[in-house]
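Undergrad: Here it is, the structure in full.
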Amino acid sequence: MSDPAPGPAVDRLLDLDRAHVWHPYGPMPGRSDPYVVDAAEGVRLRLADGRELVDGMSSWWAAVHGYRHPDLDAAVRAQMSRMSHVMFGGLTHAPAIELATTLVELTPQGLEHVFLCDSGSVGVEVAVKMALQAQRARGFPQRRKLGTWRGGYHGDTFHPMSVCDPVGGMHAMWAGVLPAQIFAGLPPVEFRADYAAELADMVARHAHELAAVIVEPVVQGAGGMRFHHPDYLRVLREVTAEHGVLLIFDEIATGFGRTGRLFAAGHAGVSPDVLCLGKALTGGYLSLAATLCTAPVARAISSGEGGGLAHGPTFMGNPLACAVANASLGLLRSGGWAEQVARIEGGLRTGLAPLRDAAGVADVRVLGAIGVVQMDHDVDMPAATAAAVDAGVWLRPFRNLIYTMPPYVTGDGDLARITAGIAAAVAAT
Ligand SMILES: *Cc1c(COP(=O)(O)O)cnc(C)c1O
């Protein structure tokens, strides 16, 4: 990588950023300056001031193969030389067809039809719409609520927000705006019969008004980075099937190997009726999501009023995004991810274990390529981030959590740097 940009250029960019650019979940202008990134390659981000950081975040869990991967770059270039986009109404193309076919092959059994859309939140909206339309078509128009458990995160548009954790998802701020949904308590790490009974009871008691239950299987991501026992998914599968309630798995965060299985549903060996994918779908290159459903769900929707699914975004099935998703899935299919994730799991366990005894640490947990340090207080985000940056690592803590979801291609040396960066962030907050 070449010389750093001169200081004044960075200052000018930051002035303009402060003046005009909104950043996630922030006020305007932001509370602290973001870091200007010039380029990224492999697992490294190069800042405009010349510093290089090992990326512990995979750009919000998406860049599983790292940056500027030759296969992914080539796939985008090749597709661009044919067409970057065409509308999907009345037209189709090989990249989308190949992607849908591959997703059906790779995902849990029974999921046969694929709806492509722009982002994870929209993919969840589509899943909800599928569930509501299928229930209406089956003669249950009053079944239009969603059941879930606390601690979840499903996106930032309105229906997804309504099934986010009521506290973390700021439901108080949206009282009267968000549809009221039905919540069970936080899913425990261990299997407990009383919690299984609580889930079964929620579905049984509310079956008349529930269109679907939606959960993140095995790992709850942005809602708190919590893990739960996979057998709860079996309980949900049985009880929803028994009561004619659909089961939606949101694997936008867990899909494509992150938890050590290709899909987290694999930990429980169950298939949902509807599956949401996003984030790592394109290897972190472009925004794309996919919502898959079973043949019975598709049949019900297609036989109902309107005669189809009432959704069709402008950039549906974008060929560039599909092409790079196909290349990313090609890399995953060649199989190295499982060893990479297992190796990272081992490195995270070793590297984070000493933090169990550090001041202010409430819990340390690792699953697959996910390492979490939970503090007993909310993290001072600018201070923790700066400490990690000084240690040469990019982290983005939130609430009381300092965590990493590194790219699968992270080597042992860089992984040790990430765990050292986490330790520095812990010490700084
Ligand atoms: C990130 C995420 C979403 C939302 O995806 P966006 O692409 O940010 O809209 C939904 N569900 C889960 C589990 C996620 O992690």
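Using the three backbone atoms N, Cα and C, a Cβ is placed for every residue, glycine included.
Positions annotated as substrate binding site by TrEMBL: W60, Y153, K279, G312, R396. The annotation pyridoxal 5'-phosphate binding site is assigned in TrEMBL to G120, S121, D250, P313, T314. Residues annotated as N6-(pyridoxal phosphate)lysine in TrEMBL: K279.
Have a look at these and tell me how they're positioned relative to everything else.
TA: Taking the Cβ of K279 (substrate binding site) as centre and 10 Å as the limit, one finds 28 other Cβ atoms among all the protein chains shown.
On its own chain, P313 (pyridoxal 5'-phosphate binding site) has C117, D118, V122 as residues at least 6 apart in sequence with a Cβ closer than 8 Å to its own Cβ.
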Undergrad: Identify, in sequence order, the residues in the chain of W60 (substrate binding site) that are 6 or more apart from it along the sequence and have a CB within less than 8 Å of its CB; answer 'none' if there are none.
TA: K279, R396
Undergrad: Could you find out if DSSP has G312 (substrate binding site) as helix, strand or coil?
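TA: Looking at the DSSP assignment, G312 (substrate binding site) belongs to neither helix nor strand, so coil.
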Undergrad: Tell me, how many other CB atoms lie within 10 A of the CB of S121 (pyridoxal 5'-phosphate binding site), whichever protein chain they belong to?
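TA: So the number of other Cβ atoms within 10 Å of S121 (pyridoxal 5'-phosphate binding site) is 21.
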Undergrad: So among the binding-site residues G120, G312, who's got the most Cβ atoms within 10 Å?
TA: G120
Undergrad: Identify which of the following binding-site residues, namely S121, G312, T314, place a Cβ less than 6 Å away from any atom of ligand 1, and list them by sequence position.
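TA: Only S121 qualify.
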